[in-house]
Amino acid sequence: MPSRKFADGEVVRGRWPGSSLYYEVEILSHDSTSQLYTVKYKDGTELELKENDIKPLTSFRQRKGGSTSSSPSRRRGSRSRSRSRSPGRPPKSARRSASASHQANIKEARREVEVKLTPLILKPFGNSISRYNGEPEHTERNDIPHKNTQEKFNLSQESSYISTQYSLHPRREEVKLKEIDSKEEKFIAKELAVRTFEVTPIRAKDLEFGGVPGVFLIMFGLPVFLFLLLLMCKQKDPSLLNFPPPLPALYELWETRVFGVYLLWFLIQVLFYLLPIGKVVEGTPLIDGRRLKYRLNGFYAFILTSAVIGTSLFQGVEFHYVYSHFLQFALGATVFCVVLSVYLYMRSLKAPRNDLSPASSGNAVYDFFIGRELNPRIGTFDLKYFCELRPGLIGWVVINLVMLLAEMKIQDRAIPSLAMILVNSFQLLYVVDALWNEEALLTTMDIIHDGFGFMLAFGDLVWVPFIYSFQAFYLVSHPNEVSWPMASLIIVLKLCGYVIFRGANSQKNAFRKNPSDPKLAHLKTVHTSTGKHLLVSGWWGFVRHPNYLGDLIMALAWSLPCGFNHILPYFYVIYFTMLLVHREARDEYHCKKKYGVAWEKYCQRVPYRIFPYIY
């Protein structure tokens, strides 16, 4: 069955039956059997049109002048009017050379027909969408201030119709004219695409995270909060009655050797990233049409890192050093993150406009936080893409291993506790899954919308390795014995979350790669004016974000092995819930602006956001 080209609610140009004139219409519905579109004209008339009689708005060139002529051969207000004559007979008043006649014919054919249409029903249309990559778009509306206002439409198609309506055989000039028009249409389409993706500073009321005051508090509050959590976790009795924990002196938190070890870790991951192994894929189109290339070797980097760690253990390297200097490593990573963020902002000041992030605002504080440049690169080395999965995510697994070894040493165990094994195994599976499916990262909001600034740098390099490993860090000082029946239930919960998480993400990625895949033919979709389809069946018909639901179930499974003696091990679940709810709200805002009417229909089909039966 042929796929439809235009979406319900989309504003296009529709040909008036029996003529060659095109008017602005709104798509009301589509009959898949007859392949006819029901459209509504501005005067309220509803007709059924074939797809060939409908043109997108971008196919019509904009008129520069303000003439009120109703045809290319007759203009109102002119002193004289040329008589009708055969297209092949030259005028008597002047003789032209062949080239001059050719140029005159081209100019005559390029005159655009301006149609006067007095609307009877003044109803603005609102689903003309323009931006890209699933990010915020401008919804253009044709607001009519007065009922006598006349809409002017420029019809480039009319020119070719008029130039051939008196002749059965096109002349050489007409053939050349068609070639010229074809080239011009391609050029105009390209120009419109570039303008469509133009990055413009967002308004102050559209700033996220509470605007400038909010991001200012986040930048200073998160590092402080991180250290308070780590200090509380090291206490024997981490109750709220002992808050705040004793604060160490600043000189005790900084150690140059620790910072050097962290830099060495970062550089090793850079080296693994630059190795010419793994396939190279293209990312989503940028605002200038380019597609950046990315080498997918994160899983190979993990294998090489595991080999280095295993060799170091065999050689007798003492990894307990990382646990005993855990706060110093956290401070070293924070300092590195701040330096990196300053560098990113300074280099973004010289970046071309097309390289800036759609989220940038023009405010220095906000852009320092959210990131001003979308894809900062040093040659082919992509800084944001590298930091998303490598130093922090792989470092998370290494820290978990360090905590496992520290538990055995501090608690004098011959083998790790079952709780520690569960936490390490669950989180290892999560990291390996992310690295194995590395290509899916290229379509996330972090890559296609947010710039690379303090927010992502701190999240990737500090928050992920030092907070996501919080359960393992807690178990070192606060052991918890888990029975096998309880462990079995936790494993089942973890597997349920993983099945939902992986199934939803795999279905989404497969559909994005090839929507016409026969294996996905059973999935139902909602067509949008951008040409994309929104899934409303399968995992994505259950809730709008089934991957978030699976993520939260897995997060709960990570915390349950720590027992119920304190809320600290469940901080990750609480924080992660807040993070995903906020991210879902951001995604909802962007999709509503991008898909317009189609998004409203999608929300009717899939009313639940993250949790089923809960709005």
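Backbone N, Cα and C atoms are what each Cβ position is placed from, and that goes for glycine too.
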Transmembrane segment per TrEMBL - which of 296-314, 391-409: 296-314
Average pLDDT across the domain 'Tudor' (4-62), rounded to a whole number: 81
Remote residues contacting the transmembrane segment (258-275) - C-beta distance under 8 A, at least 6 residues beyond either end: 295, 297, 300-301, 304-305, 308, 325, 328-329, 332-333, 335-336, 381, 386, 390-391, 394-395
Same-chain residue ranges lying at least 6 outside the transmembrane segment (212-232) that approach it to Cβ under 8 Å: 238, 242-248, 253, 326-327, 330-331, 334, 363, 365-366, 368-370, 454-455, 458, 462-463, 466-467, 470, 473, 568, 571
Among the ranges 326-346, 452-470, 482-501, 552-576, the one whose Cβ pairs under 8 Å to the transmembrane segment (414-432) are most numerous: 552-576
Residues in the domain 'Tudor' (4-62) grouped by DSSP into helix, strand and remaining coil: 6 helix, 28 strand, 25 coil
